[in-house]
Amino acid sequence: MSASFLGEAAVKEKDARDYGTPVESINDTSDIEGRITSGFEENGQFIQGLHQRHIQMIALAGTLGTGLFLSIGQALARSGPLGTWLAYSIIGATLFSVVLAVGEMGALVPLNGGIVRYSEKFVDPALAFANGWNEIYAHIVGIPGEITAAAVLVEFWIQINNGIWITVFGVVMLCSALVFVRVYGELEFSFALMKIALVIGLNIMSLVVTCGGGPNHKSIGFQYWRNPGPFVQYLAIPGSLGRFLGFWQSANSALYAYSGLENFTIAAGELKSPRHSIPQAAKRVFWKIVMFYVVTIFMVGLLVPSNDPSLLNSTGNASESPFVIAARRAGIKAVPSIINAVVLTSAWSAGNSSLLGGSRILYGMAREGHAPSFFTRVNRFGVPYLAVSLYGLFMCLGYMTLSRTAAEVFSWLQHLVSIATLVNWMAICVVYLRFFYGCKKQGISRKELPWAAPFQPYITWISLTLFIILLLTGGFTTFIHGHRHSTQIPQVAASSDKDSEALQFTQTQTNHLQQTAMETNASYSIKGVYENPLSMGRGRAIPSPFPSSDDYIVDFDGPDDPDHPYNWKFSVKLYLSVIACFGTFVSSFTSAMFAPGISGVAREFSVSSEVGTLGTTLYVLGFASGPLIWAPASELIGRRWPLTVGKLGGAIFTIASAVGKDIQTVIICRFFAGLFGASQLSVVPALLSDIYDNSERGIAIAIYSLTVFVGPFSAPFIGGFIASSPLGWRWTLYIPAFMAFACGIAFAIFLKETYSPCLLSSKAAMIRKQTLNWAIHAKHDEMEIDFRELFHKNFLRPLRMLITEPIILLISLYMSFIYGLVYALLEAYPYVFETTYGMSPSIGGLTFIGLIIGQLLACAFILSQHSTYMKNLVANKNVSVPEWRLSPAIIGAPVFTAGIFWFGWTGFTDSIHWMAPTAAGVSIGFGILCIFLPCFNYLVDSYLPL
């Protein structure tokens, strides 16, 4: 809890200075409202143009949309009429407690930025940072989601390229958001009226049709509750479990329909009478939930049977709405176009709400120092135009519809928004509980608050518990769709004995259990990871009890075992290689992206450029230190988690550098970003060696090496444009951090384990579970972690080899010299082209393209030599000779030397055309890759058996 909330005078004065409130007003306040809100007053530059009617409609316009009009059809098909109604009612009831919590805090402390600002004041700035970026992420994907939905809806009338509608809707939405906030309020007010009219009209139509007032004069009543019934057996799972799972899946679907309901205080600082308007808006949300959700969904359950095949159409437009299906069944023809038109305005309205909420959150984050400060700038209309413009950039995500269907892209974005919304609701509950118990601890009576919500804190605790359960179980269908049903799990009868009270298994009892399991599982096949019958490998059967110790060890079924990574499908190897090499590119790209912003760092922190250069130097030092951690870790626990943890850790420390308040924080966090980022440089080659044999490994390593060197040379010209733009040097760190987060998430979701010892350990664990023979294990399981041995193996042994093996010493020195020159060029190129030729950082960065072209040519040259290597390998009976790898290096070494001489000879004066030193980069880039890659492969082939 922040000290200003606790009422400590000294910290109140600090908060007063931070937020523009006179210190005297802090010390003189004696009323409870003054005590709590001291230091919270807004000093923003927004123009207060919203009235109570606007704030009420913002809450309504942000929730009534595609989630209600379209998505409830699929929920009805999953859980039946009663299951759907219960799911939406329960989620609506628990969410209302969130609305009450937000309303109570908003009435007391009306701040722009919503829960983000309250998180900092009532809990901790770290929670505010996390909540803020979660909200920003939700709006970033939510806005293109609504634009995509609008494009889907237009397809109901006219079929043209979706890119046209994405552009039109995006531009118009962005322009409307950049004008005076009063215009936004009037737009939302009009949209909300249209949606209210639609909902009321649809409910009236539903009541009339249900009672037999449609053109076919057929009375429906509750017949669909009897046949096919009030619930659905979800995924054909029998009994109460199937009915409950259908209800639970609809509860997860309801999250998107209700998302945005809590955002009615986002613009609280722009209200003219917040302590009256916010409680009124919060209380009216209850009737909105009842009338516009609960009643509407109840009527839908009466109109359409849950087994109607039209409910599961994926058109994404009005044709899949249950109201349209009901009108079609009743013979009413004009309804589909009317619904589609109003739902189109709903998607537009939801996008506007996300743009308002997201820009205000980003404004609040910038005010608190959790985002770049330029996002606090407002235009003459009082709108944070830079914050709005950032969201406008991400509207381009809607162009994904050009490669996939608009309905499919909308579904992707919808699921992303739902998860972020659930996390936001949980955060609101946590913040309110801290606020509630803070008041109680300080002896502040709830009667003294401007408005005290009823039933608190009990309903908040209930809601928080439900949200946590939803978050943890929302993906349960993933496991069901894996077809791991109970019929596949062998039933083993437990033996009983009079002596079982001793809770000990004798060898005789263990023998009996193992024998029973073997008889039960004689024909059992593991489904999923291992498609072959259970086998100890190499044609050996499951051993009988008490065999020799070697019979317990699991192995692959020979060199052609499909479970061995060498024998995986090429498509699997390809996607693993792509995401692993992309992670390597991001790490190397991050290492050099900082360089163009060094001058900006030096100016901001008043240090020399040499000190600023430490940001790059320490990152490379982290690169050099990281393999001491990640290489042994990948040998102990496999490749997947070191890559995932390394990538996400690098992203976190890169963000920390971007928001650093002093030069020490920036450069230290850069070191740790390099330390974590080194996981890709040390583990990805091992991953490629796991899945490719000698005949394929050379190609894979060549492409991997290209990502290692292209990254540092592609970053400067991108970073040059960013550093010289209004974004500033911090965005040279934000952008690679976002790339690293995306890559880390991809690793966690899509990357599978490739290390053979770990795969065998997993296979042994599965066999143990099926046979109850706990002695079965893999060779890797016998390894004990001995830190002394690890230190000797991974630190002392390389040093000893470096000293005692002349080949390793000489080649390592040469490769280190070449790699060092790569980063020296990051300093030399700006000096030559900016100082000598007077180019700007952005234009001067383009000269790195010569280095990239040279590396691409080198990669093509090395790959062209692969066929010759393969012929030699076949002729030598698949026995590799390490020296075969060195032929490209023999050519690359003189070419590299010539390139360095060429660059130095032509880059010292502007009397020589700038194209001359730029062309030298082609020779340098060609030589770098031709030297580094063959030497690397030579060392691997020479010492791989060790």
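Just so it is clear, glycine is given a Cβ too, placed from its N, Cα and C backbone atoms.
Feature annotations, courtesy of TrEMBL:
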TRANSMEM  55-73  transmembrane segment
TRANSMEM  136-157  transmembrane segment
TRANSMEM  285-304  transmembrane segment
TRANSMEM  382-400  transmembrane segment
TRANSMEM  412-438  transmembrane segment
TRANSMEM  458-480  transmembrane segment
TRANSMEM  574-599  transmembrane segment
DOMAIN    576-946  domain 'Major facilitator superfamily (MFS) profile'
TRANSMEM  611-629  transmembrane segment
TRANSMEM  700-723  transmembrane segment
TRANSMEM  729-751  transmembrane segment
TRANSMEM  884-905  transmembrane segment
TRANSMEM  917-940  transmembrane segment
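Contact between the transmembrane segment (382-400) and the transmembrane segment (917-940) does not hold: fewer than three of their C-beta pairs are under 8 Å, each pair 6 or more apart in sequence. Sequence-distant neighbours of the transmembrane segment (574-599) (same chain, 6+ residues past either end, Cβ-Cβ under 8 Å): 609, 612-613, 615-616, 619-620, 623, 643, 647, 650, 654, 657, 670, 673-674, 677-678, 680-681, 684, 687-688, 691, 700, 703-704, 707-716, 718-720, 722-724, 728-730, 732-733, 735-737, 739-740, 743, 746-747, 750-752, 754, 823, 826-827, 830, 841, 845. Touching of the transmembrane segment (412-438) and the transmembrane segment (136-157) is concluded from the presence of at least three CB pairs under 8 A, sequence neighbours closer than 6 excluded.
As a whole-number mean, the pLDDT of the domain 'Major facilitator superfamily (MFS) profile' (576-946) in this prediction is 84. Just going by CB pairs under 8 A, the stretch in 458-480, 884-905, 917-940 that sits most against the transmembrane segment (700-723) is 917-940. Beyond its flanks by at least six residues, the transmembrane segment (611-629) meets 587, 590-592, 594-595, 598-599, 601-602, 605, 646, 657, 663, 666-668, 670-679, 681-682, 794-795, 823, 826-827 of its own chain at Cβ-Cβ distances under 8 Å. Sequence-distant contacts of the transmembrane segment (458-480) (same chain, six or more residues past either end, CB-CB distance under 8 Å): 90, 94-98, 100-101, 235, 237, 245, 248-249, 251-252, 255, 419, 422-423, 425-426, 429-430, 432-433, 436.
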